[in-house]
């Protein structure tokens, strides 16, 4: 659809952070101790350490973004205010698919790193013998008051921060998805306003037809139910459905063999269900909606299985869930196309916010244009004064020459012509 605005929302909050690295003061080098001063072609200049626990992640994001020529050009031309305000992040819509894919991968890796911290806390309580200090060494710089040792207080502080970040990450994704859907509808309606009555009816008819095509899909099993897991067992794992065994299933899908099903491993179980509804080759299927559906499925299963709310599923929790009635006889699962994602009042409120923002931008643009015109007038006035001054000086010099007086220099000193 021409009004579709594809956004990678979770990346929007990252680009403003580049300000820290961009504004950093370069390190002075004692050139007396540098033996080879010849320039090295294509030498790589490492950005300074920001001191943030996501420093490495930040550097990797910047490196990936700078591989995109369009974004690199925008970054070079952007001023500090554009970076701070987040306006530069809107350019993410225009980066290549390859760059977006790499950014997605970096984001997943960073979220996984935070999850490792939570697993370390659980392992510490169970005393499994894991080297926690080695695992958490990368996070020790967070505690500026105690940089030498890692105490229990440091671990608790990081656990709370990681948990809060992950929870906020999910909430933000839901909020941004809702805004995305409202923006799509807003753009669609605005586009219809530009059409004739006949063309508008054609577009409305196409829109309804695409909705019907999207809603026409096989039944989606309830996430985490026996039917859903057995389908994965049979179709993905290639095993006999009559031999389905929850314990074996758990071990098969504990990909990293750490004794837990983390959020990523859980989300992988829903791929077949999502493929029933979404196909990237179909214009009527929105892949951003698919990821929202995946998130909803994961949150739902976690709410039913993850008893201690540590965002990890143990084998014990998993087996206990398979003994519940809901595992065998679950309620039907409602996909996004069966739900009202926003009300008409919410859309109107969102559109009013957009209108306010557009008016503010328009006013700002008018102010900047006025400032530009004022500066141009001042420049023209100064140029005119400068021209008048030069003309007056030339006139005075000519008059002095006519009177036989030696011309003077800029400071009033006399200038004598050499005799020939």
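Every residue, even glycine, has its Cβ placed from backbone N, Cα and C.
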Which candidate from 293, 317, 323 does Swiss-Prot annotate alongside 306, 308, 310 at the Ca(2+) 2 binding site?
-> 317
Of 118-170, 171-223, which span is tagged DNA-binding region by Swiss-Prot?
-> 171-223
According to Swiss-Prot, which candidate in 265, 267 joins 254, 256, 258 at the Ca(2+) 1 site = 265
Run through the Cβ atoms and count how many others sit within 10 Å of the one on residue 256 (Ca(2+) 1 binding site).
-> 10
C-alpha of residue 332 (phosphoserine) to C-alpha of residue 258 (Ca(2+) 1 binding site): distance in Å?
-> 32
Per DSSP, three-state class assigned to residue 332 (phosphoserine) | coil
Taking the Cβ of residue 254 (Ca(2+) 1 binding site) as the centre, how many other Cβ atoms fall within a 10 Å radius?
-> 17
